[in-house]
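Quick look at what TrEMBL lists:
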- Glu199: active site (ACT_SITE)
- 549-602: domain 'TRAF-type' (DOMAIN)
- 604-656: domain 'TRAF-type' (DOMAIN)
- 658-714: domain 'TRAF-type' (DOMAIN)
- 755-918: domain 'MATH' (DOMAIN)
- 549-602: zinc finger (ZN_FING)
- 604-656: zinc finger (ZN_FING)
- 658-714: zinc finger (ZN_FING)
Amino acid sequence: MNDFLFRSMSREQKAVERARKAFLTGRSQSLEYRITQLKNLLRFIRERQKEIAEGLKKDLRRSECGTPLYETLGLENEINLAVRNLKEWAAPRPVSKSMMTISDQVYIQPEPLGVVLVIGAWNYPWAVTIGPLIGAIAAGNAAVIKPSEELYPVVTGGVTETQELLKQRFDHIFYTGNGTVGKIIMEAAAKHLTPTTLELGGKSPCYIDSNCDLAIACRRVAWGKFLNCGQTCIAPDYILCEPSMQDRVIEELKKNIKDFYTEDPTKCLDYGRIINQRHFKRLMALLEGSTIAVGGENNESDCYIGPTILRDVKPDAKVMQEEIFGPLLPILTVSGADEAIKFINQREKPLALYIFSSDDKLIKRMIAETSSGGVVANDCLMHFSVSSLPFGGVGNSGMGCYHGKHGFDNLSHLRGCLIKKLKMENVNKMRYPPHTVDKLGWARFFILKHVDFGSLGRMMLLALMVIFAAVIVQAPNSMEFNMALSNALCAFTADMAYTESKVNLNIPLWNEEIFPDMELEQQILSLPIRCIHSEEGCRWTAQNKLLQAHLSVCEFNVVSCPNRCSVKLLRRELPEHMQHDCAKRKLHCDHCGDEFTGEAYENHQGVCPEESVYCENKCGARMVRRVLGQHSVSECPKRKLPCRYCKKEFLYDTLQPHQQQCPRFPMQCPNRCGTPGITRETLMAHVKEGCSTAMVLCPFREAGCKHKCPKTAVGRHLEEATHTHLSLLSGVVNRQRLELRELRRAVEELSGSRDGTLLWKLTDFSQRLQEVKSRTSGSLELFSPAFYSHNYGYRLQVSAFPNGNGSGEGSHLSVYIRVLPGEYDGLLEWPFPYRVSFSLLDQSDPALTKPQHITETFIPDPTWKNFQRPRPGALGSVRGGCLDESMLGFGYPKFISHEEMKKRNYIRDNAIFIKATIDVVQKILNS
Ligand SMILES: NC(=O)c1ccc[n+]([C@@H]2O[C@H](COP(=O)([O-])OP(=O)(O)OC[C@H]3O[C@@H](n4cnc5c(N)ncnc54)[C@H](O)[C@@H]3O)[C@@H](O)[C@H]2O)c1
Ligand SMILES: CCCCCCCCCCCCCCCCCC=O
């Protein structure tokens, strides 16, 4: 493949391409290679046990022991089994021969398929991914693995990536998951005619017969159902029992739920959680319409659903319409086994069927009259752990199977092999034209006879065929032929008796009588022959009668291992087998000297306490394994230890340096104040703020107190210096008052208008008027904000006496204007020269009546003192207190009478508006 093409491929294409390329090198075919890979896989599982269990704890809240118990131990067993038996599984498998193939080699040769795609699910992610992988490796395949995205989203990707993967060509797809996706997988596989294994699910029924020990049955059902929070493909989905048993079944299940998971399963480490909120919601919806007998507690945020039992569930209830895959256990009542069988058969074929009964006949009958992927009597789930049983579904629950040799076979192509020689053409003549009745008779004989010959029998038959061939050629249709054949058979059958072979030939002999022919027998036995294993390489030739003796020593003869390990192999392979492979061979461990069988030795390897090993922490130390534990825990400089203070883990030799910087390291206050719990990271703050002996400034430092004393003496200082602090504070108040005044002035400056118009609103008018009227002396003058006659012009202010002053006092509203000291006075013409107008605005609605404002206008009297230039430096307003108050404003003491004011809407919402306008000549405005 050229580099450019490879780079332009998708991630999935690349993975498959890489696997295929590796497969085509042929290296996965050698048994040694397969065994090494399996052993590597075993080591990986053992080394990563902790991480594997931790991952599942996070996903499913599986307890730490749950994962080894239900997943990885089983995988270890599967690998050991494959390693032990691979040679036998992968060897050619001789099959029975017919007369037609008696002299041929006929066998099945398992061969690798190529690249297998394994798609796993999330509920037992290791069992359903690595399990098939073991079969794939053992069978000599390459494999691409796609675990469920629930577990490793970053590594694997989700549906899109899987679908991309499915576009590739595989030699087998092994899918575990739900049936809907199963159909997608099959459809994709069909494009390349890829064989597919589908490990699906379904509703696995559990029939509890009235004839059984209910306490034990319910204990086993409760275990099988609530394990992994019910998320087990073969969990009992629902119970079928007779109505009279229902209450007792519920009571027993309830008792066991409590025994396994305590009164409060939320706190029990052995009780798991639902994988995600989507499934949580799905399960909660399944409860609709059913009666909860036990449990039902739930918490969505924690994905928790307690072990729940539903009673009197009807077949059409929601919970009975799909695989539950969660901790809900419906009970349906049936009249007995007949109805249970009918109920099961009316539904899709389940992945598992559970029957609890003490009646063996009933168990056998239920097995005979139903169908399911697997069946277990008087227990749940346990068939999954029996490697010799095929594990898989049927119909809707899947197709194909695995575990042990079944996985090997499923992922191998079992190739039929027939190897003939270009000889014995005379025998073959019976199939060549011209076809005759005699030839057909012989063909019938050769085709229909299936025999299992021992080696000697085979040889005899061969002799028979030689004779047959000779005769059929010379006298194909004569008496002579029949006689010769009969004689030959007599010799043959005599020999059979002698060898005690089980050959039972029922050859059609045209009803002729058979008689012994000693001479012919001798002739046959004296024939020079080659060893029956000559094709395999045996060079032995001698008289026929010596064959038996030869075979007992022939290197090419198949023999059973004398250790009774059940392996059959060529005699010449025996020494090698007995020395290296035999599971029952005796071995001494070089390290501890103990004796083991081969099988036990394999398990002993890697764990022998006397073997010298390097420290796993890579500290370089070497020691016997026996002391490794002690070394790792208490001596190894590379062992990990948690810091006593911050609890983070460090290598032993970096712990010391860490503690010199650890932020949680306990420290003493340098002032020796004795405060406990100070750490390196809090020390600075403590010394600065918390330490009782640290020198601190007086709290009145902002007011000007310079006193400094230990924190503990602050109280005394505060008592002693009350006077000083008060006078400092009054200074602060005065300063702030001045600042406030300054600020107010600045605000007024900014808010006052600069276009010669003031619109001034006086609120609460009647209250103010009332207030002044009730006073015995003095009047109330209200001041407008200051405003400017124009930009850079005169600074002015209007004042009003609500109750009047001078001649208007008590009867009128008086209005005046004042010239205030302003910023630009030095630039202006003096005395103030511009015409001034006052208006009291009529607030009537202009849409209803034309407003009639009261307006008075005057030209300033140039002799009036207040129209002269104000004293420089006297900036401010009258209210600011900086203006000479003797400088009276100019205006109208009788601007408008109180009576007049009431007539129209001069007062509205208790407010009046006074408008003042300064007529500045245009020339000034333009300048
Ligand atoms: N027979 C068994 O051995 C076995 C084991 C475990 C689970 N199950 C069954 O699996 C089901 C639960 O698993 P799940 O299906 O929820 O697991 P899941 O969601 O993990 O899906 C299974 C696999 O299918 C892939 N997938 C999902 N949608 C896909 C799509 N549209 N195209 C291609 N691939 C897609 C996922 O990536 C995943 O690898 C249950 O029915 C259970 O009984 C069966
Ligand atoms: C005598 C002590 C033996 C303990 C052995 C326990 C083995 C338990 C086997 C449980 C099987 C778990 C089912 C896993 C199914 C995975 C596929 C489906 O979801």
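Every residue gets a Cβ built from N, Cα and C, even glycine.
Look at the zinc finger (549-602): DSSP puts its residues at 19 helix, 12 strand, 23 coil. The Cβ of Glu199 (active site) lies under 8 Å from the Cβ of Val128, Phe174, Tyr175, Thr176, Gly177, Cys233, Phe391, Gly392, Gly393, Gly398, Gly400, Tyr402, each of which sits 6+ residues away along the same chain.
Using DSSP to sort the residues of the domain 'TRAF-type' (658-714) gives these counts of helix, strand and coil: 17 helix, 8 strand, 32 coil. Predicted-model confidence for the zinc finger (604-656) is 90, expressed as mean pLDDT. The DSSP breakdown of the zinc finger (604-656), given as helix, strand and coil counts, is 17 helix, 12 strand, 24 coil.
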